Amino acid sequence: DVHSSDNAHKQHDVNHLLDKIYEPIKDEKLHNTAHTFNPVADTSIYGDDGAAAKTLMQKLNDHRLLEEHHWFSLFNTRQREELAMLFTVLNQCKEWDFLNNNAAFFRERMNEGEFVYALYVSVIHSKLGDGIVLPPLYQITPHMFTNSEVIDKAYSAKMTHKEGTFNMSFTGTQKNREQRVAYFGQDIGMNIHHVTWHMDFPFWWDDSYGYHLDRKGELFFWVHHQLTARFDAERFSNWMDPVDELHWDDIIHEGFAPHASYKYGGEFPTRPDNTHFKNVDGVARVRDMEITENRIRDAIAHGYITATDGHTIDIRQPNGIELLGDIIESSMYSSNPHYPGSLHNTAHGMLGRQGDPHGKFNMPPGVMEHFETATRDPSFFRLHKYMDNIFKEHTDSFPPYTHEDLEFPGVSVDNIAIEGHLTTFFDQFKYSLVNAVDSGENVEDVEIYANVHRLNHEEFTYDIEVRNHNEEDKFATVRIFLCPTEDNNGITLNLDEARWLCLELDKFWTKLGDGKNLIERSSKDSSVTVPDMPSFESLKKQADEAVNGGHDLDLSAYERSCGIPDRMLLPKSKPQGMEFNLYVAVTDGDKDTDGSHGDHDHHGTHAQCGIHGELYPDHRPLGYPLERRIPDDRVFDGVSNIKHALVKIVHDPELRA
C-alpha cells in the first residue's frame, strides 16, 4: 500500500481540492473529511499547538470571515489578513494528511478566492508541498484570465450541452495603439509568471512563517525591471516608443476596458482615456503618493534610509537596492513600514479604483488590484516604468565598473554564434473552461475550450567559444543579455542608453578546462524561463493513474511556474527583422558563488525567482554587469571575458497551429 503522503496521493488531493472551486468537493473521501474533521480537536498536529487554527475557528464561528461567492483581492487589507490566517494554519501542519484535512474543511467554509490563494502559497512554501505541481490558475479561476464574451459562450455551450472551442481576442480594437502590444500584457503565461512571482515572494511574508526569502527586495526590482524592458522591446517590435512613466500630477493617458467579469461581483471596472488622478476613499490621496515618492527620492539622494527605531541605514552599498526594493514595494521586510509609505501596493489600489474612487457605484476592484490581471492594463507598465526610474536613480549613484571589476583574468570569449534561426511567430493554444461554468449533480461536463494566440519562437542554441589561459580548470558564470541597437526612430543607442533596455536571456554555471572550450546551451534550458504547465486534465489523469496503479509520480520538471514563458524568451521583432546585440559575459564563478562546485543547474528559473528556502545562487548584483552606468563603452570592449555579437530576430507573420 502506498503511503498517502507520496507525490501521487498529494497531487491527487490538490487536484480535487481545486476542482470546481465554487462547488462542493466532488471526491467522496475529501468531502467526508470536510464534514467530519475538526481542526481544533487534536492540536498536537500543528507546530504552534493549534494557536492559528483556534484563532481562525473563532473567526469562523463568530461569522467574521468574508462570505463565499464574493470577489477576493489581495490588496484588500482585511481579506489579506484572512488569507494569511488560513495560510498559517496550513503552514503549521506537521504532516500532509493534516494539511489536506484542514484544506478540505476550510474549502467548504471560507471564501473561494482566499482559499485558492492560501492553498497555492502553502504548497509553494511548505516542505509538505514538495513534488506537487499546482494546476495552471487560468483553469482554476478562469474568469480572471478569460474574456466575458468567451465565458458567456461557454455557459451557453454548457446549457445546450454542445461542445465548443471559442476564440479569445485581445481586448480593444486597432483604433487603439496599445492594441499592438496587447498580446504581451494579456498573455496567460505572462499573467501566471506575474501572479506566481508574488506568491513565491509575498509582500505580506514574515520570516516567522518558516524561512527568509533571500534578496526579495532586489528580486522585486529585477523581475519588474525585466517585465518593463521586455514590454519596451515589444513596443520597438511594433513601431512604438518605449512606455512613458506615470505621473501623479498628469492624466492617465490610456484608458482600459478589461472585457472581463468576476465569477461573483460583476464586471471589472473600465477606465476611459485621459483620466485625471482622483483621491480614492480608503486607499490614498494623490498628494499622499507624491509625498511618498519624494521621501523615497530624498533617501536615494541622501544615500540612507531611516529605520523604525530612528537609526540610519546606508543604501550606497551592495545590498542597498535590496533595502530600497523592500521599501518601495513595501513589504514586511521594509526597514520602516510606516515611513516613507507603501508606494507600489498603494499605487495598484489607486489605479484599480479610478473608475469608482468614492465607491458611489459599488464597483468591484479593478484589474490592477489582482496580480493575475494587472499586466493586462497599459497603466501597469507606466507604473512600473515610474518605479524603475526611481531604482535607476539609485543604481546611477554608484561608480561605474572599472576594468578590474569586470575582468576574469586569463579567460577570453573568442566567438559567439547561434545555431538555428531567431524566428518568432504566433501559435494557438487551447485551455479548458470546464471550471468556468456551474454544474448540477449528475450533470455531465461538456468539452469547452478557450483558444488564444500566443507569441512563440523556434528553438535555438548558443555556441560560445571560451579560451582559458590559466593552465588549470576554472569555474565560470555565463551571463547572456539581448540589447537593442537602436530606438524606435532608428537612432543608434550606445551601451549606456541600451543597458537599461537589455533582456536577461540566461545565466548558468560551467567548468572551463584548460585551453579552448565550446559551450553549447539550448534556449529551452534558460534559467529565466519555464515550460508550459501540464493542463489540469493531464494532472488529474496522471495522478489518478499513479494512485490506482500504486506507483509514484515525478512531475519535478514542472514544479515551479514562476518564470517568463519559454516561448516568450525573444521579443516579437518585425517581419523584415530587427538587429540586437547579444552580450555574453563570462565571469569568475568562484567569486560569484559560495565556491562549492556541486549541482549548479538549480533546476529552472533561479535567475528571476531564486530557490525556495535557499540563498540566491549568484552573489553579484542582479543585472551584473549592465546594472551600473557605463560612461565609456571602451571599458567593456577592453575586457576579454565580455563579448557581443550582432544578431537578427525575424518575425514570421504566418499563424502556426
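One is the number of the first residue shown, and numbering goes on along the chain from there.
Keep in mind that glycine also has a Cβ here, set from the backbone N, Cα and C atoms.
Swiss-Prot lists His194, His198, His224 with the feature Cu cation A binding site, giving similarity to another entry as the kind of evidence. DSSP assigns His224 (Cu cation A binding site) to a helix in the three-state reduction.
According to Swiss-Prot, the Cu cation B binding site annotation covers His344, His348, His384. Taking Cβ-Cβ distances under 8 Å and a sequence separation of 6 or more, the neighbours of His344 (Cu cation B binding site) in its chain are Phe220, Ile328, Glu329, Ser330, Leu383, Met387.
Every protein chain considered, the tally of other Cβ atoms within 10 Å of the Cβ of Cys483 (disulfide bond) stands at 21. Residues annotated as disulfide bond in Swiss-Prot: Cys483-Cys502 (among others).
Around Cys562 (disulfide bond), the same-chain residues six or more apart in sequence whose CB sits under 8 Å from its CB are His193, Thr196, Trp197, Met199, Asp200, Val530, Thr605, Gln608, Cys609, listed in sequence order. DSSP assigns Cys562 (disulfide bond) to coil in the three-state reduction, placing it in neither a helix nor a strand. Taken from Swiss-Prot, the feature disulfide bond applies to Cys562-Cys609 (among others).
Around Asn167 (N-linked glycosylation site), a 10 Å sphere centred on its CB holds 14 further CB atoms from the protein chains shown. The N-linked glycosylation site feature in Swiss-Prot is assigned to Asn167.
Sitting within 8 Å of the Cβ centre of His344, His348, His384, and not among those site residues for Cu cation B, are the Cβ atoms of His224, Glu329, Leu343, Asn345, Ala347, Ala374, Phe380, Leu383, Met387. Taking the Cα of Cys483 (disulfide bond) as the reference point, the closest of the binding-site residues His194, His198, His224, His384 is His224. Comparing C-alpha positions, Asn167 (N-linked glycosylation site) sits nearest to His194 among the binding-site residues His194, His224, His348. Neighbour density for Cys502 (disulfide bond): within 10 A of its CB lie 21 other CB atoms from the protein chains shown. Considering only the recorded positions His348, His384, Cys502, the residues lying within 10 A of His224 (Cu cation A binding site) on a C-alpha to C-alpha basis are His384. In this structure, His198 (Cu cation A binding site) is part of a helix by DSSP.
In sequence order, His193, Val195, Trp197, Phe220, Val223, Leu227, Phe371, Ala374, Thr375 are the same-chain residues whose CB sits within 8 A of the CB centroid of His194, His198, His224, the residues recorded for Cu cation A being left out.
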